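Visitor: Take a look at what TrEMBL says about it:
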- 161, 163, 179, 181, 188, 189, 230: FAD binding site (BINDING)
- 109-213: domain 'FAD-binding FR-type' (DOMAIN)
- 72-97: transmembrane segment (TRANSMEM)
Ligand SMILES: Cc1cc2nc3c(=O)[nH]c(=O)nc-3n(C[C@H](O)[C@H](O)[C@H](O)COP(=O)(O)OP(=O)(O)OC[C@H]3O[C@@H](n4cnc5c(N)ncnc54)[C@H](O)[C@@H]3O)c2cc1C
């Protein structure tokens, strides 16, 4: 079944050809009324053929000289000329507004400022912060899997931290969202919690060595803790909604309490729409009664069961609090996965954000 953009393309194709046909017939009619042969117009600028004097002048100057002022005015007022002028104007405006290359919003070596548009508290210590981009059709320009750096001056010192937006260029225009957990003793996360609508943050990017594409690998295993879900969510969202992506994704997502599970509805929605490609296993330190997921810390057996085998065409991505990441590195090592480097590279089988 053709989709909406395909119908749109077909309609614009038919419309453009009908309009061109209409314009051509109107121009021919007008020229015929002025006794001008279309073929002579087509030959304008070419050397004159002495064997065919009936074909008239080929000189542009002669043609313009022979065209009276009344003829020129009449030509400009024809429906064909007005329709062509209108078509050209609409095309130019469309290209300028919608397809014109805007300056990238982000710059990897220059700080840019963005105002807070909206703050939605989603748990006592976590909120989604929405920042406006300069124009409503702008996108952040962040490759899938990469992050931004945020800086602020706190207590006379410039502090920088990394954050992965939950928005994606292909889906979200005019803004970007950051999901941030505030730590009482934290610097930047606390700075976010004190922002008011209209306050600006300083951002640099894109940053990071991981860029997701649908041909990267056949199987992705993900192990996330707390806000470490944000880079995973970006990748899962992009993969599930991409019909040409066949990657299978298994996520182990660990939290302290059930209410700490971030983006749960969104993750469940993606799972239900993935045709079995994306599956989640939750682990809680303090599970409620009747909990069906994992209990306590993520175990080696759970990693072995839910992560793709290291012999497969696979990658393991990890993001979470350092103590959890150290424990996961140990599990993976015992399961014979290669150890992640101190700073991971895209080619690595085990990538630590
Ligand atoms: C690639 C990448 C992407 C990230 N994306 C996100 C994101 O989307 N959302 C998000 O909220 N964070 C994200 N982080 C984490 C973020 O960069 C900060 O580390 C976090 O917000 C804490 O920074 P801070 O300045 O508030 O605290 P810091 O100044 O770094 O720490 C001060 C104190 O805060 C407390 N604290 C800080 N971090 C933790 C922690 N993990 N667990 C327990 N206590 C802690 C401790 O008491 C610590 O001593 C990401 C990190 C990376 C590397």
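Cβ coordinates come from backbone N, Cα and C, glycine included.
Note that the structure is a prediction, hence the values are computed from the model and not measured.
Any idea what these are sitting next to in the structure?
Guide: Residue 161 (FAD binding site) falls within a strand segment according to DSSP.
Mean model confidence of the domain 'FAD-binding FR-type' (109-213) amounts to 96 (pLDDT, 0 to 100 scale).
Outside the transmembrane segment (72-97) by six or more residues, the chain places 19, 22-27, 30, 137 with a CB less than 8 A from a CB of the stretch.
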Visitor: Report the same-chain neighbours of residue 163 (FAD binding site): residues 6+ apart in sequence with Cβ closer than 8 Å to its Cβ, ordered by sequence.
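Guide: Correct list: 147, 148, 149, 150, 178, 180, 230.
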Visitor: Translate the DSSP assignment of residue 181 (FAD binding site) into the three-state scheme.
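Guide: Looking at the DSSP assignment, residue 181 (FAD binding site) belongs to a strand.
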Visitor: Can you check which residue among the binding-site residues 189, 230 has the largest number of Cβ atoms within 10 Å of its own?
Guide: 230
Visitor: With the FAD site defined by 161, 163, 179, 181, 188, 189, 230, which remaining residues of that chain have Cβ atoms positioned within 8 Å of the Cβ centroid?
Guide: 150, 178, 180, 192, 227
Visitor: How many angstrom lie between the most widely spaced Cα atoms of the FAD binders 161, 163, 179, 181, 188, 189, 230?
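Guide: Per the listed residues, the maximum Cα distance equals 17 Å.
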